[in-house]
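A quick write-up on the structure given underneath.
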Amino acid sequence: MNLYGVAAALLLVAPSLLVTAYPNDTSRALMQDPFLDLVDGCPPCPRCFDCHYDEFPCLQFASCSSANGKCVCPPGFGGDDCAEPLCGSLADGKNRSPRRGDKCDCKDGWEGINCNVCASNEACNALMPLGQGGVCYQKGALVHENYQVCNVTNKAILDQIDPRIPEVTFSCNAEDATCNFQFWVDHKESFYCALDNCTSTYQDTNVRNTTKYQCQNIKCSCIPDRFLCGEDGSVNIDEFLAQEIKGPASFYSQHTYGGSSKDGSRFEEPAMNNLISMIFGDEYISLQCRAGECLYETEVPGYERPIKEINTPLIAGIIAGCALFIVAVTLISWYLSRRAALKRWGAIRLGEGGENDASLSMINHTPMALQFENVSYGLKGKEILSGISGIAHPGQITAIMGASGAGKSTFLDILARKNKRGTVLGHMYVNGEKILDGEYRNVVGYVDQEDTLLPTLTVHETILTSALLRLPADMGISVKEQRVIEVMQQLGIYHIKDQVIGSEEGNGRGISGGEKRRVGIACELVTSPSILFLDEPTSGLDAFNAFNVVECLVTLAKTYNRTVIFTIHQPRSNIVALFDQLILLAKGQTVYSGPFSSCQSYFDHIGYSCPPGFNIADYLVDLTMHASLPHSPIFEDVPKDLLDRDGPGTESSSTRAVKSIASVSNVSVDSPRETPTRGKPKRRISLKQKQDRQLFTRKKTAGSETPPTPKTDDEDTVMGRATGSMRSWLQMSKRDGSNPPPLLEDPDDIPPEVTTDLDILVTSFKNSDVAQTIHDEITASIQAASAANGHGGGDAVTEPVTGSIKGFRRVSLPRQFLILSRRTWRNLYRNPILMLTHYAVAILLAVLSGWLFYGVSDDIGGFQNRLGLFFFLLALFGFSALTSLNVFSAERLIFVRERANGYYSPITYYAAKIMFDIVPLRLIPPIIMGVIIYPMSGLLPKWGVFFTFMLILVLFNLAAAAICLTIGIVFKDPAVANLIGSLVMLFSLLFAGLLLNLSHDSVQKAAEWLQMLSIFHYGYEALIVNEVAKLRLKDHRYGLDIEVPGASILSAFGFDNLALWNDVIGLGVFAGAFIIIAYGAMHFLLVEKR
């Protein structure tokens, strides 16, 4: 049984319970009157207030609630009977507190006996749905509900009741056509009146404004025991008010601009006027009133909606100014590009140094010998390098040679301590000490095989940037410039110093590929590193320039006592003569590592002699390639005529040499000759096989450290025949120009694999005196370094030793930012197509949009046009931001290489990129579009609204660009990045608020949180609230003019009218957060991995 049932049951059984408890006359009396006090001498309990009983009347002529028996009080009055004035403010509604003392303590902006009269516009904002836009109208005209507080100014009345202060409160309601009048003395109400069937008139001229309220009926009532109503020492007009005051009554106010003696208000009613006349000698009650009513600006009497005027001259001037801006940017870009060819010295000045600055590269420089032992490398379970040892001495150049795929570049990366994807094993020392990678990378330079240069910079600017960023901070700009010039002269590129690097995709090719190679080398040479690594420095160069490059490296090593290590592929003999040390690799294994001067004698000693007239480098590369190829057995019964035939095969340098001999004698090695009919052949041998057998087969020598691999009699016999055939053919070709033997027609006829000579070469070196010398020298260096560090002469260093490499003070972060900003700005204005396209498109689309949305009206159709305009603007900027995907993609490899080579800190590069690349493309276009569209479309002509509009566009554009920038950094593939960026923008656009309304109770309401992840929602809601929330939209329907607050329509669309600045802050947070996230992605993801 519910609570109501229990209560009903108790009411039914209560009388019987009482009769049972009191079975006498008292019981019957109690049944008739439950409030009867049964205790002798005690008064009966008072009856609870219930306005349904006549003994509990409602003051102020308030109505009685049938629900609870309480009075429904007018605004400003409270208590059970509406006798208590309420304080606070009219905006507090039902939460107003009753007066505690003699006077009310009103909130700021409110005044009056019961705080009903507004005194400021800010006070009225609390009554507005949006919390803003309220106007405190104080001229007295009635719009909805007007409140006034008045001082009585009748001199006779004031003299009669002095020192008491009489006051009047007066209010009217337009909807009910009623008014209320209260008379107060010292803030205590004496009597009150209710007026109905009221009308009001208002006139406002250039001289004065007048307001008149005319009411047909009036009734008044006294409050007992108050002044004029029975208070001791005062007359009682209770019966007069109840019987004589009938109406009509009027309330008249006049206000003259500039002031007048006739200004003021008066309250008139025939019977009351007679009373005032008889007692005080005045015609009526004269008053001085202060009125207040909270309204929207558009509701104020006399307000006229301003007629929109499109300022055509202003629009034309803005468009012309934007066009001139683009022309100016174009001319400035052209001028700055041309100035690079005319100005010798760069604009950056880091301070002038002394005459001895050139020696800074030698100050604290310690010659560094690089020792490495048993270096191995594996990737995904596959061994790439195995057991490589050697020494690179300062003042010498060390060449790493080998056939393609031998592991030269991988080994060079390991020596330079590049980040590798696989596992590196072995020991590497600098002067016998293990050095931390961070210190080691500060004193080494690395030149990649592939050129990574900015195509918009000149040769001089590219090398100078490297010098400015990497040479000591104490070195003056003039010395760095001189160093740049010296390097360019050494490499033979000084004559092209003012030419741009260029690219195949650009407007011009710029310098040649070989020249780009030398520029890349110059960027490292200019820093004069202690150890310099170069990967194929001569690739792409002709013989003359290749020799110049190597000669420059030799000069660097000899003059500055630097250690130079490079890989090279088949150098010319004049370059080979410059080698000091040689490391020969084959299939990742060491064939030779040691002094180049001992190389030829070593290979002669183990039975692999270089034939006279052969380039030793060519011979060694071909030897390693041949040694790793299968060794084929020869059958005994190979006919002699078959041994005289050649077959196709992969040419070595020796084969090319034979061809050249044939060409001199007008003999073609490729032309077949007729062969007689023969029986079934058992084996055919090509010319290459014959030549390789003679050139690369190990000879038996008395001093061989390792015996040659035994050969069968058949193989020796056939080899002798092949050698004789080759020699006889060469002699014959020289004598009569006869054709060579035919080449092998069927590659499948090559003899099957038996073994290789690579194991012999590798084993021979491991057991050689050269390898033992290297090992002994490394051991001695380690022991010497250990002794120097106090570890004892015989103890090797097992842990990295820090502080043993003394560097110089690097360029500070602010100077790095300055240098990189200059480079980024040059790159931008020398390739201005993207920038100018953004600006031109902004102007064209702004004019087109302004024309389509020209002078939007303040009606429902105009509201729709505003929605469409803002949606188009955000979609345009959002998808234009996809160009930010390519901001880092074009320079990704450049950044990775320069960061690995220690050019700068990543934060300085990122800051320069943001400042001089992102900002010009994301800040200026929305400003251009905004200043054109705003006046053309006729949006709110208020400066505050306009600047908020511009701020929203700029922040949205920056946020969209930051998101796309992050995507472009995270996803390396441009196609994938473009797809992800487009999808992110589309889904963000979906939750903007126009295509999908998530504010209503529906299945989709669960996805409302996704709006918090949409920059389109923040931008769209901010734009539309900024523009429409303060408007009152008019529409004409069914013969009526309907006026609707824009805030109401926005609420129906699911927009939050109070979220303007929250949305602006949200856009700022998105922009800032993704700029930080993009840097984090760049810092941790764009790291060189080889």
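Placed from the backbone N, Cα and C atoms, the Cβ positions cover glycine too.
Taken from TrEMBL, the feature compositional bias 'Polar residues' covers 650-669.
Cys87 (disulfide bond) carries neither a helix nor a strand DSSP state and counts as coil. Using a 10 Å radius centred on the Cβ of Cys87 (disulfide bond) and all shown protein chains, the other Cβ atoms total 23. Positions annotated as disulfide bond by TrEMBL: Cys87-Cys104 (among others).
Residues or ranges marked as disulfide bond by TrEMBL: Cys106-Cys115 (among others). Residues near Cys106 (disulfide bond) in space but far in sequence (CB under 8 A, at least 6 apart, same chain), listed by position: Cys87, Gly88, Ser89, Gly112, Cys115.
Taken as a whole, the domain 'EGF-like' (78-116) shows an average pLDDT of 90 in this prediction. Look at TrEMBL and you will find 78-116 tagged as domain 'EGF-like'.
TrEMBL lists 640-752 with the feature region 'Disordered'.
Residues or ranges marked as signal peptide in TrEMBL: 1-21.
The transmembrane segment annotation in TrEMBL covers 314-336 (among others).
For the transmembrane segment (833-854), the list of distant contacts is 310, 315, 319, 322-323, 325-326, 329-330, 333, 865, 868-869, 872-873, 876, 880, 883, 920-921, 924-926, 928-929, 932-933, 935-938: same-chain residues at least six beyond its ends, Cβ to Cβ under 8 Å. Among the features that TrEMBL reports, transmembrane segment is placed at 833-854 (among others).
Counting residues 6+ beyond its ends, the transmembrane segment (866-888) has Cβ neighbours under 8 Å at 834, 838, 841, 845, 849, 853, 856, 895, 913, 917-918, 921-922, 925-926, 929, 933, 937, 939, 953, 956-957, 960-965, 967-969, 974, 977-978, 981-982, 985, 988-989, 992, 994, 1015-1016, 1019-1020, 1023-1024, 1027-1028, 1082, 1086 in the same chain. The annotation transmembrane segment is assigned in TrEMBL to 866-888 (among others).
Taken from TrEMBL, the feature transmembrane segment covers 909-934 (among others). Residues 315, 318-319, 322, 325, 816-817, 820-821, 823-825, 827-828, 834-835, 838-839, 841-843, 845-847, 849-850, 853, 869, 873, 877, 880-881, 883-884, 887-888, 895, 898-899, 946, 949-950, 953-954, 956-958, 961-962, 965, 1075, 1078-1079, 1082 of the same chain, all 6+ positions outside the transmembrane segment (909-934), place their C-beta atoms under 8 angstroms from a C-beta of that stretch.
If you look up TrEMBL, you'll see 946-969 (among others) marked as transmembrane segment.
According to TrEMBL, the transmembrane segment annotation covers 976-996 (among others).
Positions annotated as transmembrane segment by TrEMBL: 1064-1087 (among others). Here the transmembrane segment (1064-1087) has long-range neighbours at 419, 888, 892, 895-896, 899, 906-907, 910, 914, 948, 951-952, 955-956, 958-959, 962-963, 965-966, 969-970, 1015, 1018-1019, 1022, meaning same-chain residues at least 6 beyond its ends whose C-beta is under 8 angstroms from one of its own.
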What same-chain residues lie close to the transmembrane segment (314-336): Cβ under 8 Å, and 6 or more beyond its ends?
826, 829-830, 832, 835-836, 839-840, 842-843, 846-847, 850, 928, 931-932, 935-936
Residues of the same chain, at least six outside the transmembrane segment (976-996), with any C-beta under 8 angstroms of its C-beta?
867, 871, 874-875, 878-879, 881-882, 885, 889, 960, 963-964, 967-968, 970, 1004, 1007, 1010-1011, 1013-1017, 1019-1021, 1024, 1053-1055
In the same chain, which residue numbers or ranges, 6 or more beyond the ends of the domain 'EGF-like' (78-116), come under 8 angstroms Cβ to Cβ?
49, 51, 56-60, 62, 70-71, 122-124, 126-127, 136, 147, 149, 167, 169, 171, 184, 186-187, 189, 223, 290, 292, 294
Secondary structure content of the domain 'EGF-like' (78-116), with strand meaning DSSP E or B:
6 helix, 9 strand, 24 coil
If one looks at the chain holding Cys104 (disulfide bond), which residues at least 6 apart in sequence have a CB under 8 angstroms from its CB?
Pro85, Leu86, Cys87, Gly88, Gly112, Ile113, Asn114, Cys115, His187
